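Feature annotations, reproduced from Swiss-Prot:
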ACT_SITE  E415  active site, proton donor
BINDING   H35, H266, R361, S388, H465, D473, R524  substrate binding site
BINDING   H75, G124, P125, L126, G163, N192, H266, F441  thiamine diphosphate binding site
BINDING   D162, N192, I194  Mg(2+) binding site
SITE      H35  site 'Important for catalytic activity'
SITE      H266  site 'Important for catalytic activity'
Amino acid sequence: MDLAALRAKTPDHWKLATAIRVLAIDAVQAANSGHPGMPMGMADVATVLFRNHLKFDAKAPNWADRDRFVLSAGHGSMLLYALLHLTGYEQATLDEVKNFRQWGARMAGHPEYGHLEGVETTTGPLGQGISTAVGMAIAEKSMAARFGKKLVDHKIWVIAGDGCLMEGISQEAIGLAGKQELDNLIVLWDNNNITIDGRVTVSDVTDQKARFAASGWDVLSCDGHDAEDIDRALTAAKKAKRPVLVDCKTLIGFGSPNKADSYAVHGAPLGDAEIKLTREAYGWEHGPFVIPAEIKAEWEAIGAKGAAERAEWEARLAALPAGKRAEFERQMARGVAPKLAGAIRAFKKAQSEAAPKVATRKASEMVLAAVNPVVLRNHRRLADLTGSNLTKTSDIEDFMPGNHKGRYMRYGIREHAMAAAMNGMWLHGGVRPYGGTFFCFTDYARGAMRLSSLMGVPTVYVMTHDSIGLGEDGPTHQPVEHLTICRATPNTWTFRPADVIETAEAWELALSSERTPSVLALSRQNLPTLRTKHEAKNLTAKGAYVIAEAEGKRQAILMATGSEVEIALKARALLQAEAIGTRVVSMPCMELFAAQDEAYRKRILPAGGVRVAVEAAIRQPWDRWLLGERGMERKAGFVGMEGFGASAPAERLYAEFGITPEAIAAKVKSLL
């Protein structure tokens, strides 16, 4: 490629794009770690995007009506960091660029939400960014339908690489976006035909443009190193009536004389000798991290070009009726609905009196029917299991093309994209998402669920059919290890409520959470209401509490969750009949119990006596409460699952696997 000709054709563009490239090269070299090739290859596309098309104001990084820019190919993070520094984001200082990938750096190896203003989402696991962006596009459509396009009218731009498009989640996401006709979503494909193993063709033959077209997208193409051609394609993309893929044909490591267009430039520093040659090829005579003042000033002018449009938008917001303005600001700030606690208390009082025997998945549906009128931002999602998960209430319409006021989306069989899109909705602002599937299929959503926890996105995962209690569908659908996986994930609340009252309390906590996602593990089988005396206080908020005290001298403590609390209470009755004083502790959320002070934990789990945990799942997370917290190994036992389940009616399964009142009582007596 003739670099001199390109430089002569668009000299102003060339110097702006070269500033991105050299910052990326220098930062990776200084860190002795990183991915210079992608920023070098996509610098031209990014320059045209930020210079001519992206609606943003670097001095107001949280402006509600800004365009969102998602770097799905997160390994090329220095592309984003260079742009943020050059355009004048306050936190993106040159010192931060020099501190790339170091301890305490805002500029982490892959972009991390919350570390640096201008980073819209955490990316790095390939495919997550493009899928999260679909959720942002959905949230934009939802907010525009509620508040009007004078207040909400922006695009979601994504840079995705070959790896993003190979990941299975990308097909889930693009199929969903195509079905929903998300014309506010534009994906810029860094089509450089390189992976770590070499050419993309060594592992893939997919016609990506045909794939997107078949999924309901418009597809455009451009020369990713021709500024005028890039501008033409992006201008056309903004006018489309469907989501758009722009195929940007690029060279990875553009300008490197010996490493461009090869895997060698993907994930390693260029080295001093190659950097010298590359600078010469660019015509760049400045040293490491040096950006001439006139180029920095031009970039900062690009960063400020949205200020006037933002001021006009703020004037429109200020002109709204006070109530509507306050509601818009509250929703974008992700505030908790002020009437939520009252609605939950009223629901609990009514249900403790009625004492229904219902599955906790049904209890969840009942809670949602009670709180939906006061939590208007709830946007719910289902992976093709509406009738099983029970997350759609009668007052909710479907979100679809032509009805973006709808708050219920049918995802199809796309668990992973559902989870990622929910992350995007919350990150965009204005939507409090929850979505559901069978608990066993959290396996399909794990990557995005982990990012919820890492980013502090308080998504609610409604996971039903939580144990062998689902019965005849068998071990492919019966979760036994999934509670352990969720509990092992940092910054995750895993709720397994025992009845309708605990279900309501779990929902209150999940919808009030600011930075922690929640998993609600809910039963298929009916469970009795255990707490028939109304308690205004949210007992689940403590994570564990005494649901039945020992009569006489306490000799044993039974700990249980969910459907096994009822079984533990029946075991208590058997033991008390033999004068074995037994306390039953319901532990709907281990994480919240662990967060309580030692005095409270000691009151619930005092020293001495036998401890037996009961759960239709594997033992692993229980050892802290059985052996630690003043417990003793010789007096600790577990009644639950040691392997996978089987296909049979639920009652038979509980009997065959020994999760019965009689087995629990026998375990206690064997340890006395």
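Placed from the backbone N, Cα and C atoms, the Cβ positions cover glycine too.
Remember, it's a predicted structure, so these values are computed and weren't measured experimentally.
Shown on the structure are the features that Swiss-Prot records.
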residue : record                            : DSSP class
H35     : substrate binding site            : coil
L126    : thiamine diphosphate binding site : coil
D162    : Mg(2+) binding site               : helix
I194    : Mg(2+) binding site               : strand
E415    : active site, proton donor         : helix
F441    : thiamine diphosphate binding site : helix
H465    : substrate binding site            : coil
D473    : substrate binding site            : coil
R524    : substrate binding site            : coil
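Using the Cβ center of D162, N192, I194 for Mg(2+), the list of other same-chain residues with Cβ within 8 Å runs, in sequence order, G161, D190, N191, N193, T195, V200, T250, I252. When secondary structure is read from DSSP and collapsed to three states, H266 (substrate binding site) falls in the coil class. Put simply, N192 is the one of the recorded positions G124, N192, E415 whose Cα lies nearest to the Cα of H266 (substrate binding site).
For G124 (thiamine diphosphate binding site), the same-chain residues lying six or more positions away in sequence with a CB closer than 8 A to its CB are G74, H75, G109, H110, P111. When other Cβ atoms within 10 Å of the Cβ of H266 (substrate binding site) are tallied across all protein chains shown, the result is 21.
Neighbour density for P125 (thiamine diphosphate binding site): within 10 A of its CB lie 19 other CB atoms from the protein chains shown. According to DSSP, H75 (thiamine diphosphate binding site) sits within a helical segment. Cβ neighbour counts within 10 Å, taken over all protein chains shown, single out H465 as the most crowded of the binding-site residues H75, R361, H465, R524. Look at R361 (substrate binding site): DSSP puts it in a helix. When the recorded positions D162, E415, D473 are compared by the number of other C-beta atoms lying within 10 angstroms of their own C-beta, D473 comes out lowest. On its own chain, H35 (substrate binding site) has V28, H75, G76, S77, M78, H266, G267 as residues at least 6 apart in sequence with a Cβ closer than 8 Å to its own Cβ.
In terms of Cα spacing, the recorded positions D162, R361, E415 that come within 10 Å of N192 (thiamine diphosphate binding site) are D162.
When the alpha carbons of E415 (active site, proton donor) and D473 (substrate binding site) are compared, the span between them is 19 angstrom. Geometry remark: R361 (substrate binding site) versus L126 (thiamine diphosphate binding site), CA distance 33 Å.
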